[in-house]
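Visitor: Would you mind keeping the following structure in view while I ask a few things?
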Amino acid sequence: MSEERSLNFIEQIVTDDIANGVNDGRVLTRFPPEPNGYLHIGHAKSIALNFGLAQQFNGKTNLRFDDTNPVTEDTEYVDSIKADIRWLGYEWAQELYASDYFEQIYEFAVTLIKKGLAYVEDASAEQIAASKGTPTTPGTPTPARSRSVEENLDLFTRMRNGEFKDGEKTLRAKIDLASPNMHMRDPLMYRIKHTHHHRTGDKWCIYPMYDFAHGQSDSIEKITHSLCTLEFIPHRPLYDWFIKELEIFPSHQYEFSRLNLTYTVMSKRKLKQLVEEKYVSGWDDPRMPTISGLRRRGYTPASIRQFCERVGVQKREQMIDLGLLEFCVREELNKTANRVMAVLDPVKLVLTNYPEGQVEEMTAENNPEDAAAGSRTLHFSKTLYIEREDFMEEPPKKFFRLGPGLHVRLKNAYIIKGESVEKDADGNITTIYASYLPESKSGGDHSGMTVKGTIHWVSAEHAATAEVRLYDRLFKSENPSAEEGDFKDFINPESLQVIKEAYVEPGLLQAKAGDRFQFMRKGYFTVDPDSTPEKVVFNRTVTLKDAWAKEKGKA
Ligand code: ATP
Ligand code: MG
């Protein structure tokens, strides 16, 4: 937390609670993912909030898998969630599973039945919905509402024993069919699902609903501050009602706004569609807003934490510009990533007056922002590669790069002057010829010339070949979920461009997956796990400047 910033409203609540001796000043939060997909950047906000709050107030955070829905959950997701939280830099006090509380939650339900506060319902989901009334008209009781305690206890036991089919019975709380809050109109507590559960196997065929599992799990763990997103505000009276009637530990729920990012979809259901329908290569495709995708894209844990810190915690829904996330990683990599030269769209450059067969060793600083990063040696020779876009045959006035008669500096080497070109039958330039100024060598330049432009290069005989994957935003719409029709119609068709043969400094052959670099003048790149000893594959994390912001400015 930066020192100048004032407390957000949740920090204020915790500060007040501690001052008032609530729970003897103890702070215990939880992060409660449902293991039905991979974590995304929205979850990172919740993780940073829950774990950050505990760190700040000397508390602890539990990791609780909210695995009460057997249909969609899987251990693959459990493992990925744990790996992602640790990668973000957080460690939980306890790893817990809501399914471990099934017996206790069942006993809670029996308690409410005995108090006359829950009943077994025969009506179907449609019938229940139809009898619930509307926000302005009260609901009508179903015949089951007046069942005796004994009958309810018997039926609920038989539900557990598997005597009924899916949907044949449910357990409902008996609260208030006229409540202005629809969630209080005898909400469901249990449903029947004859489905195998990834942890409890076939032990259970009845499963508690979210509302009758979440608060109860919080209470069992003695969570002090249960943080969730705004859509749970109307559930809070129910959360409190169950705890009050069960006379169990009074956990409290607080709501904050979920993170929404431009040019992104965030719901796991939609992300899963992108994976299953092969719009992306997997949950960790570098275009995905998942933690594993961002990691593969080259994002660092610190940049994601920094992003969450900058986004802050609010009570109102908001849309955050994807540019802020990019800004955070750019800012960090500028300080930490070594600079290297990589030519992504190569064209051959021959220095006509450079001695044939001569090779010079040039010294190049690794990171001007970090003296401790040291320097490396680059080989320089007669034939080089430069970017095609750095040469123009008929340059306009302010083109400070290479052209016939134009001077430019080759980074860490010499000033050169463009001479002529060679073209293929289609008129494409195949070779550029230039001469170099021997007295202009970097570090000992006594040519007396100043040039405006510096371009990057690699020596043709020394360069290594690399594959470079240029990623851009996955959607061309700012808010694909709000568009009419299918969100997938708004996928950016140019979100991935693969360069099969880029030329890079040979030292990069030693780079390992996850290493990060600044390709000078081109952006920040990271080594993809698809790399082999013969061929390195790079992913572009982010460009050096926000190209889309410029685009917008034009419009
Ligand atoms: P999704 O709709 O993407 O499936 P979810 O809320 O169902 O998300 P959970 O696994 O239940 O996903 O979420 C775990 C925790 O992360 C919850 O406390 C939830 O509120 C929080 N969370 C999920 N998405 C966001 C988001 N976009 N911003 C902030 N917190 C989020
Ligand atoms: Mg959920």
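Note that Cβ sites are derived from N, Cα and C of the backbone, with glycine treated the same way.
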Visitor: Do you know which of 33-43, 55-65, 330-340 TrEMBL annotates as motif ''HIGH' region'?
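Guide: TrEMBL lists motif ''HIGH' region' for residues 33-43.
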Visitor: Ranges 170-174, 180-184, 265-269: which does TrEMBL label motif ''KMSKS' region'?
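Guide: The range carrying the motif ''KMSKS' region' annotation in TrEMBL is 265-269.
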Visitor: In terms of DSSP three-state secondary structure, what is the assignment for Asp66 (L-glutamine binding site)?
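Guide: Going by the DSSP assignment, Asp66 (L-glutamine binding site) belongs to neither helix nor strand, so it counts as coil.
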Visitor: Hey, what's the Cβ neighbour count for Asp66 (L-glutamine binding site) at 10 Å?
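Guide: Counting Cβ neighbours of Asp66 (L-glutamine binding site) within 10 Å gives 21.
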Visitor: Averaging the per-residue pLDDT over the motif ''HIGH' region' (33-43), what integer do you get?
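Guide: A mean pLDDT of 96 is what the model gives the motif ''HIGH' region' (33-43).
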